[in-house]
Amino acid sequence: MRERIWAPPLLLLLPLLLPPPLWGGPPDSPRRELELEPGPLQPFDLLYASGAAAYYSGDYERAVRDLEAALRSHRRLREIRTRCARHCAARHPLPPPPPGEGPGAELPLFRSLLGRARCYRSCETQRLGGPASRHRVSEDVRSDFQRRVPYNYLQRAYIKLNQLEKAVEAAHTFFVANPEHMEMQQNIENYRATAGVEALQLVDREAKPHMESYNAGVKHYEADDFEMAIRHFEQALREYFVEDTECRTLCEGPQRFEEYEYLGYKAGLYEAIADHYMQVLVCQHECVRELATRPGRLSPIENFLPLHYDYLQFAYYRVGEYVKALECAKAYLLCHPDDEDVLDNVDYYESLLDDSIDPASIEAREDLTMFVKRHKLESELIKSAAEGLGFSYTEPNYWIRYGGRQDENRVPSGVNVEGAEVHGFSMGKKLSPKIDRDLREGGPLLYENITFVYNSEQLNGTQRVLLDNVLSEEQCRELHSVASGIMLVGDGYRGKTSPHTPNEKFEGATVLKALKSGYEGRVPLKSARLFYDISEKARRIVESYFMLNSTLYFSYTHMVCRTALSGQQDRRNDLSHPIHADNCLLDPEANECWKEPPAYTFRDYSALLYMNDDFEGGEFIFTEMDAKTVTASIKPKCGRMISFSSGGENPHGVKAVTKGKRCAVALWFTLDPLYRELERIQADEVIAILDQEQQGKHELNINPKDEL
């Protein structure tokens with residue numbers, strides 16, 4: 001039965017889903033031959049193993065030579081596979097489905113597939129200088145290259161060879177994909193301090209061109225340089241589609257059939273084709289997520305591909321190219337057809353067109369039209385196959401927009417506000433707005449019983465606020481109970497018990513860990529949820545008080561307790577947490593704060609919500625940029641919250657805790673959705689599941705006390 005069900009759809013849809021690329025550079029001509037490169041390609045896993053062995057034996061010159069060769073071999077292997085696949089797809093295109101079924105109707109399709117397979121094997125063998133099987137590597141090696149582990153070896157080897165600039169490049173390249181690697185962060189700081197801050201530029205040797213161009217486009221857009229923004233966004237799109245082709249090609253390699261023992265796998269022809277092809281197709285479908293995910297992150301940039309067209313539609317409008325603005329706006333609507341702002345923009349752009357142009361003749365950009373058409377076909381086929389072949393698949397929302405559009409009423413500088421209002425034009429595209437923070441303070445506190453204590457002026461600084469009664473005494477006790485049940489020594493500090501001072505012990509826990517512990521019954525679920533709820537409460541207060549026009553996102557949330565170690569408190573002159581800024585590298589001697597990696601440059605606001613006062617010391621302090629002159633000192637107590645902007649205008653630290661345990665919820669926020677906290681997203685999903693379960697219990701009239 002399965003053969004009769006699935007053979008026709010596969011025959012019909014394969015030509016639609018597997019054509020030669022229609023974008024990302026000129027397509028390969030069927031008669032075009034690949035240029036050959038001299039010399040057989042050495043397997044990158046062997047070079048990697050040789051380089052690592054040389055490093056451990058102290059032969060650093062050989063380590064550098066072999067590790068660099070391994071990286072080159074890895075890149076060249078990907079290029080060869082991509083080029084061979086495109087070359088063979090062009091030489092052996094899949095035929096259209098025959099007009100009527102009859103004997104041998106499927107033979108033209110299989111002839112093309114066999115020809116493509118023969119071409120691909122020949123191409124790979126010729127360009128690799130030997131059989132492709134020599135280049136199959138283990139999952140461990142594949143994972144090491146994905147995590148950029150060879151660059152960790154390289155930075156150490158280059159230091160041994162006194163090649164500081166190359167060491168910094170390698171260290172930074174590794175750190176980009178491993179942003180929580182505290183040792184590497186310290187290495188980069190040390191290298192740059194040795195050479196001088198200005199002497200060395202941080203280079204990511206594995207940077208993706210489409211990401212680099214996109215980031216450059218955003219910067220020019222925010223600077224109102226729309227001509228340059230257009231240039232970079234268009235370049236980003238060209239590079240994106242090239243990367244998409246490579247990603248999809250690499251999905252066509254060997255697949256693992258985890259549900260079957262190899263010797264017991266005796267599928268029929270069409271079942272075998274379907275099993276393999278579905279794995280390939282799901283992998284290709286996920287390239288949207290792959291290309292939107294920055295190195296070292298699990299969560300993709302939200303709405304990444306559509307955002308290019310969102311930026312472009314407004315940028316083209318600003319330079320007076322209304323037809324292109326309309327094309328990009330309509331392209332964006334392919335992904336978000338109900339976006340009211342962009343629908344309004346389409347109406348406005350159409351009103352600006354020359355009378356000789358029919359608005360109906362202006363269609364969405366062809367590149368995204370083709371992309372979305374294929375994406376929808378893939379989605380339909382995967383869902384249908386999942387139902388018919390009995391495998392599990394959940395379609396992700398690839399174009400999700402978190403929290404909706406929050407800055408829809410903002411009008412970028414230089415645009416006539418009255419004119420925009422008359423035409424109903426919605427201009428709200430700057431996702432990381434430049435805020436005049438001196439003028440944005442004093443908004444509503446949103447909740448009853450919260451007591452305003454001091455503002456920026458009273459705290460002798462900029463963008464600061466002190467509030468009381470954000471938590472009740474009962475909530476403080478409940479959070480303390482949660483902390484006692486879930487905190488681990490060194491959590492949040494790479495397992496280091498005393499990351500800032502040897503005289504105190506640090507313990508921590510995240511929101512997600514609290515919710516998981518509550519779900520598993522290790523702490524009361526209600527108490528675990530309180531941690532989640534009060535952090536959201538703090539976020540809303542900060543967003544409102546500082547009068548932000550765009551959504552404030554969580555960047556990191558951490559419950560932390562620091563305990564004074566007995567016998568180590570005599571004549572202490574150190575700090576519990578040294579003076580620092582939250583989004584830049586503080587340089588007290590130069591009175592500067594360098595907003596560059598490895599600092600968390602994306603953080604915009606910070607907050608500390610205190611849980612107790614039964615300890616000695618531990619005052620929170622603000623200082624001047626010299627890290628010595630104290631401008632304000634705050635004694636923690638239950639329910640007190642200090643919040644401030646995260647930049648060099650607010651250097652701060654914590655005085656030594658000399659007795660007892662000091663506990664607080666530390667929160668960092670960002671205005672850039674690209675840097676949202678992954679664990680917070682996962683915590684949101686846990687809360688949604690819990691809410692659904694609770695709703696189901698109410699519908700079934702189950703007593704809440706029966707909850708496990």
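Here the Cβ of each residue, glycine as well, is placed from N, Cα and C on the backbone.
Annotated Fe cation binding in Swiss-Prot involves HIS580, ASP582 plus, out of the candidates HIS480, HIS652, the residue HIS652. Residue ranges 145-148, 217-220, 697-700, 705-708 are listed, and Swiss-Prot annotates 705-708 among them as motif 'Prevents secretion from ER'.
ASN549 is the residue among ASN460, ASN549 that Swiss-Prot describes as N-linked glycosylation site. Distance from the CA of ASN449 (N-linked glycosylation site) to the CA of HIS580 (Fe cation binding site) is 32 Å. Sitting within 8 Å of the Cβ centre of HIS580, ASP582, HIS652, and not among those site residues for Fe cation, are the Cβ atoms of ILE579, ALA581, LEU586, SER606, SER646, ASN650, PRO651, GLY653. Look at the domain 'Fe2OG dioxygenase' (557-671): DSSP puts its residues at 0 helix, 59 strand, 56 coil. Fewest Cβ neighbours within 10 Å among the glycosylation sites ASN449, ASN549: this applies to ASN449.
Counting every protein chain shown, the number of other Cβ atoms lying within 10 Å of the Cβ of ASP582 (Fe cation binding site) is 25. The distance from the Cα of ASN549 (N-linked glycosylation site) to the Cα of HIS652 (Fe cation binding site) comes to 26 Å. Shown for the repeat 'TPR 1' (44-77): DSSP residue counts in helix, strand and coil, namely 31 helix, 0 strand, 3 coil. Cα of ASP582 (Fe cation binding site) to Cα of ASN449 (N-linked glycosylation site): a span of 29 Å. Within 10 Å of the C-beta of HIS652 (Fe cation binding site) we count 26 further C-beta atoms, all protein chains included.
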